[in-house]
Amino acid sequence: MRFTLVGNGRMGQQVALVIAQSGCHETAAVLDINTAITPDLFQGSDAIIDFTVREAFFANLPAMLESGVPIVVGTTGWDDLRDEIEVKVSDAGASLLYSANFSLGVNIFLRTVREAARLIAPFGQFDIAFAEQHHTAKADFPSGTALRAADMILSANSRKKSVVRQLSDDKKLAPDELQVASLRLGSVFGKHSAFIDSDADEIVISHTAKSRSGFAAGAVEAAIWLARRHTTAPGFYTMDDFLNETFS
């Protein structure tokens, strides 16, 4: 397969390395911040992989959709406009797969957290919170992965109704609020943890990324899956769609 990469930052470079090391795929083009994105730049590619920033993603999306090439998006920070993006994808008859984190390990972790949140739901003595750590260059917080985890916890545990991203000096956390804490430190690739606490014990479920290679490899695998699916079932997909089919 031939891939066009949009974004030449740390993740874009890691994706290019994974493709080069595969022995069976190739990078058709790498488009960076200085490239004027037009639909013709994607012709001859089987899939687009986008790792940019929110503003660049929105600016480039019309051209990517018009190209008709399946799009895998790892750019985060636009969850508030997801409904709008889904409509654009549908109207264009395009295929787009979005994930805040393409790591297989992270996605196994998220499913474990969701199951733990479900299991403790009937037992009021257990409380749950979530925390994430990333390098100081990461622009958005909480991370997209943390927000995804929060959605999964809320859907699995009816005792938690809303997410609190930052605590204030004059307000206590309500029992039905889920705290999602963020820490920016050094060059941390990414660490996510769910904390479950009672008077008797504490359960901690964590995932720590050792490098960006897992994220990049997952993005490439998702792009291969999306390219195959695009011919018969275009649409808006998530990593869950890919994994549900893979794990079945």
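Each residue, glycine too, has its Cβ placed from N, Cα and C.
For His134, the entry in Swiss-Prot reads active site, proton donor/acceptor, with the evidence type sequence analysis. Annotated active site, proton donor per Swiss-Prot: Lys138, in sequence order, evidence recorded as sequence analysis. Feature annotation from Swiss-Prot assigns NAD(+) binding site to Asp32, Gly74, Thr75, Thr76, Ser99, Ala100, Asn101, Phe102. The (S)-2,3,4,5-tetrahydrodipicolinate binding site annotation in Swiss-Prot covers His135, Gly144, Thr145 and rests on sequence analysis.
A 10 Å cutoff on Cβ-Cβ distances gives His134 (active site, proton donor/acceptor) a total of 25 other Cβ atoms nearby, all chains included. Counting only the Cα atoms, the space from Phe102 (NAD(+) binding site) to His134 (active site, proton donor/acceptor) is about 16 angstrom. Across the fold, the C-alpha of Gly144 ((S)-2,3,4,5-tetrahydrodipicolinate binding site) and the C-alpha of Ala100 (NAD(+) binding site) stand 5 Å from each other. The residues near the (S)-2,3,4,5-tetrahydrodipicolinate site, meaning same-chain residues not in His135, Gly144, Thr145 whose C-beta sits within 8 angstroms of the mean position of the site's C-beta atoms, are Thr76, Ala100, Asn101, Glu132, His134, Lys138, Asp140, Ser143, Ala146, Gly190, in sequence order.
Comparing Cβ neighbour counts within 10 Å across the recorded positions His135, Lys138, the minimum falls on His135. The binding residues for NAD(+) are recorded as Asp32, Gly74, Thr75, Thr76, Ser99, Ala100, Asn101, Phe102; their greatest pairwise CA distance is 21 Å. Looking only at the recorded positions His134, His135, Lys138, the one with its C-alpha closest to Thr75 (NAD(+) binding site) is Lys138. Under the three-state DSSP scheme, Ala100 (NAD(+) binding site) falls in the coil class. Of the candidate recorded positions, His134, His135, Lys138, Thr145, the one lying closest to Asn101 (NAD(+) binding site) when CA atoms are compared is Thr145. By the criterion of other Cβ atoms within 10 Å of the residue's own Cβ, the least surrounded of the binding-site residues Gly74, Gly144 is Gly144.
A simple way to gauge crowding: the CB of Ser99 (NAD(+) binding site) has 26 other CB atoms within 10 angstroms, across all the protein chains here. Spacing of Gly74 (NAD(+) binding site) relative to Thr145 ((S)-2,3,4,5-tetrahydrodipicolinate binding site) is 11 Å (Cα to Cα, whole number).
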